[in-house]
Amino acid sequence: DECPAEASGGKGGARASRTEADTRAEPRGGGGRRLGRRTGLACCHQRRCSVKQLKKILWGSAVILSVCSSWAGTSQLAKITFRTFDAPFAVTWFATIWNILFFPLYYVGHFWSSEEKQSPRQRFRECWRFFGDDGLTVKLFFSRMAPFCVLWTLTNYLYLLALKKISVTDTSALFCCNKAFVFLLSWIVLRDKFMGVRIVAAIFAIAGIVMITYADGFHSHSVIGITLVVASASMSALYKVLFKMLLGSAKYGEAALFLSVLGLFNVTFVTFVPVALYFTGVEYWTPFSLIPWEKLCGMATLLLSFNILMNFGIAVTSPTLISVGVVLSVPVNAVADAYYSDIVFNSVRVIAVLIICLGFLLLLLPEEWDRMALDFLSRFKVRKKEEAVEEQGEAGFAGQSRNKGSRTSTATFAHSF
C-alpha cells in the first residue's frame, strides 16, 4: 500500500517526480498507514505467540497426564502380576530388556523431525563419542556400564519387592523421596549450591516416612516394605548422582544409546541371576503357558513409556511439569487402591502422603526462587500503586468535569435570567 509504483514498472518515473507538497503531506497520511501496518503486525505477532503458548500448554498437559498414567499403571500392573507370577527379579530382568528399544525409537523420531537426514550408522557413531574418543571400549563397558546396570536393577527390584509388602499408594509416595536424596547426595558429593528450602523438603520427606510407618503400627511386614522402597529411592538417587559425576550431561541421542547399551548389558550378564533364583527355589515360576504375558508386556511397555517421557519429555515441556506428573500418580494410585484393595486411609497416612508430596514440590523450586519471589512482589506493589494513581486521576478528572458542568449551567441560567 505504501509503494504501489514499485509494484508496477510503468509507474516508477511518476513516483520519482513527486511534488514537494506530496512529500510534505506524506507523513500525515503515510504515517497513519504505517501505524496501521505496525498495529497489524503486532496483532499477528500476538496471535502467533498465543498459538505457540497454547500448543506448549497442550503438550505440557499431555506429558503430565502420560507420565502420571504410565507410572501409576506400571505400579498397579506389577501388583496384579504378583498374584499369579511371584518372581520380582525375573520381572525386573524382563522389563529392563525393553531398554534396548530406546535408541531405535529415538532414531525414528530424530529421522522424522530433523532436517538433516542421517543413516542409523552415522547417528550411532555420532552418539558413540559420548563414551570417549575411542567410543565404548571393553574396559569402559565393564567399568562404566556395570555400576549403572547394578543400580538400575536394584532400584526396580527393590521397588517391586516393596509392592509385595505394602500398598501401591505408600510405595509411590515413598519413592518420591528420591528427589530429596538426590539433593542431599549432590550437596555432599557434587558440592551443589546449598538451599535451605530443600533441606526443609528433605526433612518433610523423612517425616513422611516415619508417619507412614507409624500409620501401620510399626508392624514387621510394613516396616520391611517401607525399608525396601526407601532403599529403592536411595539407589535411584545414587544412579542419578553417579551419572552426573562420571558422565556429565548427555544429549537425547547419547542418553538413548546409553539406555540401550544398559539393556544389552542386562541381557548379556544378568540373565543367569533369574535362572539361578529359579533353580535354587528363591523365586517360583508358573508353567510357561500360565505366565501372564499380557500383564508382563503391558507393565514393561508402560515402564518403557515412563522412562522415555522422563528422558525425552523435556523436548516439549519443562522438567518441573514432568516431576509434577510423578506426584500426581500418588492420588491416582490412592483412588485405585481405594477400589481394589483393603487399605485404610486414616488421618496419619493422608497427612504423611501430603507431607511427602509437599516436600517433593518444594524440591522443584529453582535455585533463585527467593529473588524471583521478591521481584514478583515488587512488581505487584508497583502495579497496585499505578492503579491507585490512575483511579485518583480519574476521580479528579470526573470531579473537575462535574464542577465545570455546574459552572456552565449556572452561567447559562444567569444569562437567560
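Yeah, the Cβs are placed from backbone N, Cα and C, and that goes for glycine too.
The feature region 'Disordered' is assigned by TrEMBL to 1-37 (among others).
Annotated compositional bias 'Basic and acidic residues' per TrEMBL: 17-27, in sequence order.
The transmembrane segment annotation in TrEMBL covers 57-78 (among others).
Under 8 Å from some Cβ of the transmembrane segment (90-113) lie the Cβ atoms of residues 78, 81, 120, 123-124, 127, 152-153, 156-157, 160, 252-253, 255-257, 259-260, 262-264, 266-267, 270-271, 273-274, 277-278, 283, 285, 296, 299-301, 303-304, 307-308, 312, all in the same chain and six or more residues away from its ends. Residues or ranges marked as transmembrane segment in TrEMBL: 90-113 (among others).
Under 8 Å from some Cβ of the transmembrane segment (141-160) lie the Cβ atoms of residues 78, 82, 88-89, 91-93, 95-96, 131, 171, 175, 228-229, 231-232, 235-236, 238-239, 242-243, 246-247, 261-262, 265-266, 269-270, all in the same chain and six or more residues away from its ends. The annotation transmembrane segment is assigned in TrEMBL to 141-160 (among others).
Residues or ranges marked as transmembrane segment in TrEMBL: 172-190 (among others).
Proximity of distant same-chain residues to the transmembrane segment (197-215), defined by a Cβ-Cβ separation under 8 Å and at least 6 residues beyond the stretch ends, is recorded for 170, 173-174, 176-177, 179-181, 183-184, 222-223, 226, 230, 346, 348-349, 351-353, 355-356, 358-360, 362-363, 365, 369. The transmembrane segment annotation in TrEMBL covers 197-215 (among others).
Packing against the transmembrane segment (221-243) from elsewhere in the chain are residues 147-148, 151-152, 154-159, 161-162, 164-166, 170-171, 174-179, 181-182, 184-186, 189-190, 209, 212-213: each is 6 or more residues past its ends and has a CB under 8 Å from a CB in it. The annotation transmembrane segment is assigned in TrEMBL to 221-243 (among others).
TrEMBL lists 255-279 (among others) with the feature transmembrane segment.
TrEMBL lists 346-365 (among others) with the feature transmembrane segment.
Taken from TrEMBL, the feature region 'Disordered' covers 393-417 (among others).
The annotation compositional bias 'Polar residues' is assigned in TrEMBL to 400-417.
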I need to check the long-range neighbours of the transmembrane segment (346-365): which residues 6 or more away from its ends have a CB within less than 8 Å of a CB in the stretch? 169-170, 173-174, 176-177, 179-180, 183, 195, 197-198, 200-205, 207-209, 211-212, 214-215, 320, 323-324, 326-327, 330, 334
